[in-house]
């Protein structure tokens, strides 16, 4: 076992994903998730080597209690691992315009994360809890906490893509612009894709699709991101599990002025009650759509809307890549596993030079990676993401 391990924390609005990784060998010694935080059924699931465990937390446990459980009830029982943790890597969804690369967390970085809360209102507050609790639990590592920003990969986006067509004053005064998200994942799979395609990353033109409960698409020109579908917040873009993605802004005025729905309620509707959940009124889980779209008209409608929006982004982004597209990449829980969705989507892209290989498309899921199109097609690849490994590799640099 290496003497230098990294504890990776991804604190979400109601969950904490955690892992202990050796950045050099890429081995994951511990991984798990505390979920349903602040609810009655809060629990922790984790894996050590090949052994799986699960435990209930106290009812309505918050992030602080969950982190204490992770350290006291999991890591403390693996002291050979605990004593070799030399740094803590934190995934940060939005670092604003000032945080352009991974960095040690100090007061200045903490202020930037706080100032960016309006742009990631569900995520950044949770990240701060994770950081401050890490300071308390690991006082010996207080100067070894590293922020790895989802927005950093998107800092290469030019202003003709990140500016909105609203008065320029709002950007200059309040930094209202496109920030994007999932940058850690987009960066990882773009490099993996360039290796598979045997093209240097600095010459790779790709469209990467991170498709999970949240989802985003990025256009990558010569290895650099030049546009992405998420915007000021993670609400913009494609259809997601509970988020609406792109809509006519006038819907907000109609709901508020005509239907007398408060701004707070509208925010909740767009963030937590829309997307696949809103379209089906049953589930935000894409597995329901995959399993039922051939026999259920509601699921079929949701699938078609999802693929229509996604295909529009892919088609539009191809025009930004200077007449050369090396491939598109699917990642995230949906992108890696939803073979029916991938087939429907790629069939929509036939006009652009894509041709699905049904056998490969069916086989390449459940953690497998590879090309799912025919040899005469522009490649479409499935690549499982590994954000935790990226965070660990970025963090070890500062230890």
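Keep in mind that glycine also has a Cβ here, set from the backbone N, Cα and C atoms.
Sequence annotations record features per position, and here Swiss-Prot assigns active site, proton donor/acceptor to 150 based on sequence analysis. The Mg(2+) binding site annotation in Swiss-Prot covers 10, 387 and is backed by sequence analysis. The annotation ATP binding site is assigned in Swiss-Prot to 17, 210, 211, 212, 213, 214, 285, 286, 287, 333, 334, 335, 336, 337. For 91, the entry in Swiss-Prot reads substrate binding site, with the evidence type sequence analysis. Look at Swiss-Prot and you will find 182, 243 tagged as site 'Transition state stabilizer'.
Only 213, from the recorded positions 10, 17, 150, 213, place their Cα within 10 Å of the Cα belonging to residue 243 (site 'Transition state stabilizer'). There are 24 other CB atoms within 10 A of the CB of residue 387 (Mg(2+) binding site), with all protein chains counted. Comparing CA positions across the recorded positions 10, 150, 182, 387, the one lying closest to residue 17 (ATP binding site) turns out to be 10.
A Cα-Cα distance of 11 Å separates the residue listed as 'active site, proton donor/acceptor' from residue 10 (Mg(2+) binding site).
Looking only at other Cβ atoms within 10 Å, the busiest spot among the recorded positions 150, 285 turns out to be 150. Distance noted between the C-alpha atoms of residue 211 (ATP binding site) and residue 10 (Mg(2+) binding site) is 18 Å.
Neighbour density around each Cβ, counted as other Cβ atoms within 10 Å, peaks among the binding-site residues 17, 91 at 91. Remark: residue 334 (ATP binding site) has 211, 212, 215, 286, 341 as non-local neighbours, by Cβ distance under 8 Å and separation of at least 6 in sequence. Residue 182 (site 'Transition state stabilizer') is 19 Å away from residue 285 (ATP binding site) when you measure Cα to Cα. Under a cutoff of 8 A between CB atoms, and with a sequence separation of 6+ in the same chain, the neighbours of residue 182 (site 'Transition state stabilizer') are 150, 210, 214, 215, 216, 218, 230, 332. Set side by side, the binding-site residues 10, 213 differ in how many other CB atoms lie within 10 angstroms of their CB, and the most is found at 10.
Comment: ATP site residues 17, 210, 211, 212, 213, 214, 285, 286, 287, 333, 334, 335, 336, 337; largest CA to CA distance 21 Å, whole number.
Sequence-distant contacts (6 or more apart, same chain, Cβ under 8 Å) of residue 336 (ATP binding site) comprise 330, 365, 366, 367, 382, 383, 384, 385. Of all the binding-site residues in the record (91, 213, 287), the one with the smallest CA separation from residue 10 (Mg(2+) binding site) is 91.
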